[in-house]
Amino acid sequence: MPAVYTIVQIWMLQVGGPHQLGADPARELVLIQGEWAIRFLILTLLVTPVRKITGWAQLGRLRRMLGLFTFFYASLHLLAYSFLLLELDFPALGEELIERPYITVGFLAWLMLVPLAWTSSQHMVRRLGGIWLNVHRLIYGIALLAVLHVFWLVKSSYLEASIYGVLLLSLLIYRLFARENRLFRQGVKVLA
């Protein structure tokens, strides 16, 4: 449980005990939340392909929870950045958004997550009808922005960012082929 781990690490830091937050605990807390946000985002995108490949229909029930975990950790990431690194200096946040492209794309990804979290309930699915699916297709743009955010942020080893990029690219290629295959089958049915 990443949230429990974070709480324990903060408590250990406060009481002067041994912790794993390194020399710059504030920065490390921001990074931990961001890492978990992108991990949950990738897991959310993995649900449909794994469900279709394995036939494990119950897996689809996890997608909403994983998506909400993504929003939760992305929000913690933004809050930790705002509170711990910028100390709620909103003019500085405005400057960061303008001067640092990785902050801009990260913030844009978070803004795009807001309507997904807001419309994730069954009530909103029914209320929005067909529009709901279009809103939730924002997840692909969010994922691209999140990976770009990580790539621009990295200063030394691109290994983790590359892993996220390869996973995302694989998922997008799978979705594209699945969509094309579905359209092809529909076309064959029309011709028959």
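Note that Cβ sites are derived from N, Cα and C of the backbone, with glycine treated the same way.
Here is what TrEMBL says about this protein:
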DOMAIN    34-147  domain 'Ferric oxidoreductase'
TRANSMEM  66-86  transmembrane segment
TRANSMEM  101-119  transmembrane segment
TRANSMEM  131-152  transmembrane segment
TRANSMEM  158-177  transmembrane segment
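Sequence-distant contacts of the transmembrane segment (158-177), counting only residues of its own chain at least 6 positions beyond either end whose CB sits under 8 Å from a CB of the stretch, comprise 35, 38, 42, 45-46, 48-49, 140, 143-144, 146-147, 150-151. Residues 34, 37-38, 41-42, 44-45, 67, 101-102, 105-106, 108-109, 112-113, 115-116, 119, 124-125, 158, 160-161, 164-165, 168, 171-172, 175 of the same chain lie 6 or more positions beyond the ends of the transmembrane segment (131-152) yet place their CB under 8 Å from a CB of it.
Helix, strand and coil counts under DSSP for the domain 'Ferric oxidoreductase' (34-147) come to 102 helix, 0 strand, 12 coil. In this model, the domain 'Ferric oxidoreductase' (34-147) carries an average pLDDT of 89.
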